[in-house]
Amino acid sequence: MNGHRRAGRDTGPPASKPKPAPPARPTPPNDGQQARDAAADQAAAARNAPAGSRGRSRRRRRRRGGARLPDRAVVFVGPMAAGKTSLGKRVARELGVPFIDTDAVFVRQYGPITEFFERHGEPEFRRLEAEVIAAELATGGGRIVALGGGAVLTESTRRLLAEHPVVLLMTTQEAVLRTANLSRRPLLRDDPEAWGRILEERRPLYEEVADVTYRTDRATKEQLARRVAQWARSFRKRSDNA
Ligand SMILES: Nc1ncnc2c1ncn2[C@@H]1O[C@H](COP(=O)(O)OP(=O)(O)OP(=O)(O)O)[C@@H](O)[C@H]1O
Ligand SMILES: O=C(O)C1=C[C@@H](O)[C@@H](O)[C@H](O)C1
Ligand SMILES: [Mg+2]
């Protein structure tokens, strides 16, 4: 599992694997790849099924009856501009649950993040960001919560994530520089190439908290939203089985 603490599909570290230039987005439908992705999603769901429910008949029954989203936040983490906000919104729509973006909650409470960084510095941002996240995760009910790119730096946040299904979104620096609006991201505004360096520093933390990884530079938002929604419906934390 390439260092993942819990089971899930890991499509591999994008920055360190030699690979052909990524296709221009949106990625054209690729039936072979889609079939492989669907099979991988089902395998991940089966691995995470509650103890005693891994037989084929139980899985079939669950598909027919429609698996339910866990009664808690499904959390999106990942590097800056990987797609946590835009994909999170789509997955929430797909599942019919609320979407919360903790960066947006922060902005409502404390003002624009770029200005906050300039006035108060990163440590104060992290302290308040962790408070915002803890408050959101304490709210029950099925929903999607997208975190800021650096939220996993805070240990108390990582501890809270152990109780939630966590989706790691990964992409490449090339894709980010092509698509993202860097002026809204204070850590990248003056040095866009810092994206890769920051990712390498944070990668172990992302992998520590993640239950599953999806690459957002290899499929359209629509394709990914369906896959992630399906995964979220069938995923159960190991602690749920006790
Ligand atoms: N397949 C995809 N999935 C998600 N986002 C994509 C995809 N393809 C392109 N994008 C684009 O990537 C950009 C970055 O997305 P977004 O703002 O959701 O990232 P983020 O992870 O929330 O970033 P931050 O860490 O700064 O909050 C957006 O312009 C989005 O439309
Ligand atoms: O990766 C980061 O450190 C950040 C990502 C954004 O989502 C914001 O939370 C903020 O700009 C910091
Ligand atoms: Mg975001």
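Positions of Cβ are set from backbone N, Cα and C atoms, glycine also.
Sequence annotations record features per position, and here TrEMBL assigns region 'Disordered' to 1-71.
Taken from TrEMBL, the feature compositional bias 'Pro residues' covers 15-29.
Annotated compositional bias 'Low complexity' per TrEMBL: 30-54, in sequence order.
TrEMBL lists 55-66 with the feature compositional bias 'Basic residues'.
Listed in sequence order, the residues of the same chain lying 6 or more apart from GLY83 (ATP binding site) and placing their CB within less than 8 Å of its CB are LEU169, THR171, THR216, LYS221, LEU224. Marked as ATP binding site by TrEMBL: ALA81, ALA82, GLY83, LYS84, THR85, SER86, ARG185.
Positions annotated as Mg(2+) binding site by TrEMBL: THR85. For THR85 (ATP binding site), the number of other Cβ atoms no farther than 10 Å from its own Cβ, over all displayed protein chains, is 18.
Under a cutoff of 8 A between CB atoms, and with a sequence separation of 6+ in the same chain, the neighbours of ARG202 (substrate binding site) are PRO79, GLY149, GLY150, VAL152, LEU153. Taken from TrEMBL, the feature substrate binding site covers ASP103, ARG126, GLY149, ARG202.
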Binding-site residues (LYS84, ARG126), the one with most neighbouring Cβ atoms at 10 Å: LYS84
Of ALA81, LYS84, ASP103, GLY149, ARG202, the binding-site residues listed, which put a C-beta under 6 Å from ligand 2? Please answer none if none do. ASP103, GLY149
How many whole Å apart are the CA atoms of ARG126 (substrate binding site) and LYS84 (ATP binding site)? 18
List, in sequence order, the same-chain residues at least six positions removed whose CB sits under 8 Å from that of SER86 (ATP binding site)? LYS221
